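Engineer: Please read through the structure below; I'll follow up with questions.
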């Protein structure tokens, strides 16, 4: 007896395939939602301000600084390490090239103004060499298209392991350039989550990772459906074999019952013959 692959069976297989397709389509999205933090890569412009001197309004009497205020867990997700860096663009004036070594400070505080972390990094503005200046002049079209490094920009890595917890989320970040002669035209804070291999692949290759996970889960679903069909086939064959053996045993019993009276008659006739022979001998 084999299982009948009729209309109901085909509809059941089709329903299971659709269900496996739905699971394979939704599961990668759930994995991304569970593994990836809400804040991954953010860039915030920093408004650099300073205070002028009371006695000389043309002079700077404070360090240039920028304050960034934000909601809890909006800039940093808890229990995720972050890279912090600042990108500065200096004004194209002669004093920028003669700035020398200066110090950059990032201070992160919570809503109660408690300092959670402070990072300090030294930097300096590189001056263009003679060869660089000559290449920018003779290869001006390539320079305009951005094939040469722009020395007016300076990327300063501040931290590679900033980590927050749910108990103490930050709400304020202050960036300070500890040199009042720094002529900063633009400033930008870059926050990037520090990932392992799985999170890195999920975030930076979303289409490829989704296709891979979709294929894996759909293949697993198809494998389970085939395994179920094979199990039902095996169960049906085993049941049919048991029923066949049972019928054979019942048939043998019936044959034995039918043959038993005939055997008993033959035995009785043989006993009668033997008893008559014994009497004759006497």
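Every residue gets a Cβ built from N, Cα and C, even glycine.
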Engineer: Could you check which of 188-209, 210-231, 232-253 is flagged in TrEMBL as transmembrane segment?
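Structural biologist: In TrEMBL, residues 210-231 carry the label transmembrane segment.
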Engineer: Choose the correct range: of 12-35, 36-59, which one does TrEMBL annotate as transmembrane segment? Give that range.
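Structural biologist: That would be 12-35, per the transmembrane segment entry in TrEMBL.
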Engineer: Do you know which of 130-149, 150-169 TrEMBL annotates as transmembrane segment?
Structural biologist: 130-149
Engineer: Report, as numbers and ranges, which residues of the same chain sit near the transmembrane segment (12-35): CB under 8 Å and 6 or more residues beyond its ends.
Structural biologist: 198-199, 202, 206, 209-210, 213-215, 217-218, 221-222, 224-225, 228-229
